[in-house]
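Residues or ranges marked as transmembrane segment by TrEMBL: 47-64, 76-100, 130-154, 160-184.
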Amino acid sequence: MNGLNSKGNNMSQCDVTEAGVPLNSPAFLSWRKLQLSRAKLKASSKTSALLSGFAMVAMVEMQISEDSTVPEGMLIAFAICTTLLVAVHMLALMISTCILPNIDAVCNLHSVSLVHEAPHERLHWYIETAWAFSTLLGLLLFLAEIAILCWVKFYDISKYAAWSAVIMLIPVLVIFLAFAIHFYQSMVAHKYEVTVSGIRQLELLKEQIEAGDLERTNGLLLNTSGTQIV
């Protein structure tokens, strides 16, 4: 029973079950892209649903009295930032919700040969857009939302508290941007290395095929000359 349970868990993680599929074959590479696209869409949908829900609750629960001294420009910024935050995350959530079932349907078949039926290659830019909106743009708007929310909430009580919240978020924003840039550069370098390695392997495979064809040609020529001598 434990063996069956562990096998079921492995199958639920979309492990490749077909034997004899080369790791560098186009089908297996497309299968890896399918898994990555699936993971991105799942992360985008969860993050977008959580953050957009938080923004909606913050906007609804925010109590602003008529005699508030909060600057009108800050209230306008709060409204715009909240609207953009919800809209961006809703767009990412819509893309994830529409594409993810089609990817799960192919992934749950546990067959590399059926990977061409998944739309992850054709809809690659939509998946990347959902990922960018949910993680990069959405999180930046969320940090801005926190800063503006603290300002609107504490301005009437203590201006020092409002300013301290904004000042504390500045280094966090700098660290966030630095990590995003470093992560992007690392991913670009990794993709470049993987691409170069794949090209080298294709060149070696080409040389092996050419060497095999040359040996077959030489063998046929030797057989033909031997037959003529006899």
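Note: Cβ is positioned from N, Cα and C throughout, glycine not excepted.
In TrEMBL, annotation is done automatically, which means it is predicted and not curated.
On a predicted model such as this, the values are computed, not experimentally measured, just so you know.
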Winner by Cβ pairs under 8 Å against the transmembrane segment (47-64), considering only 76-100, 130-154, 160-184: 76-100
Contacting positions for the transmembrane segment (160-184) when only residues 6+ beyond its ends and CB under 8 Å are counted: 136, 139-140, 143, 146-147, 150-151, 153-154
